[in-house]
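Peer 1: First, the structure itself, so that you have it in front of you.
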């Protein structure tokens, strides 16, 4: 069974093949009468994604948020304006930001004092 | 008339302290023995005796090598009361790497139960909370870790990222600046870029 992230990734891949004009770089793009229609289609698709998020925010995992944020980023790079759902964008931005955080620190076994075993009763 | 007879008396030996004198080494071969130790070997080999490592040390080594058996050895260390706090803390890291965040929190809080001022446990717990998107709790634990060890630069960097997520940009700038003060110059480039972006947000 396919993972939900893979399904979403496949969805965006299909979208790319359906609306290739939206996915070519702005300077390469030759204006076509269908561009606006394609943009409208993509906006509606993103709207569906946002509706899924609003219905079940907890079920919307990190990978989906990132994918959503990347699509919007790519749209901006292509010269389109789409601000996206604010809360979802914020969460996606935080997830991406926290990916850059410094790693965990392993405890290497210090002295007994560090272990909190140094407390002795005064006799 | 009585005759005085002189007894043959040897002069008395001098008593008192005795100096240690260097004696001439006897040639063993004169006594029919092989002189095995006359020429020491050119390259002496130091052989260390096998030392019994603790379960914790073994776990740490396996963990460094990225071996999954580390988990088993940390649990054995806990069972045998060897560095329990550190073992719980490191189990928390392993569980977080396995994306079992609930179990990771369980182990890290067990470490804090035994030592509420365990620096690594607070810092790692903050990392787990930031992975979960619980930024207020992550912020608290980074702050506690800083109060325990104010010289560890990574706490400031991660706190800065959490503060950005909480949209507290000015405090984030402060934290990233402190990270730059405490970290080596080679780590400054990313932080400086982040600062530039942050300043444009804060203004």
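A Cβ is built for glycine as well, from the same backbone N, Cα and C atoms used for every other residue.
Note that the structure is predicted; figures quoted are calculated from it, not measured.
Residues or ranges marked as compositional bias 'Basic residues' in TrEMBL: B:15-25. Look at TrEMBL and you will find B:1-33 tagged as region 'Disordered'. What TrEMBL lists as repeat 'TPR' is B:85-118, B:119-152, B:153-186.
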Peer 1: Would you list the DSSP helix, strand and coil counts for the residues of the repeat 'TPR' (B:85-118)?
Peer 2: 27 helix, 0 strand, 7 coil
Peer 1: Per DSSP, what is the helix/strand/coil residue tally across the repeat 'TPR' (B:119-152)?
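Peer 2: Breakdown, helix to coil: 28 helix, 0 strand, 6 coil.
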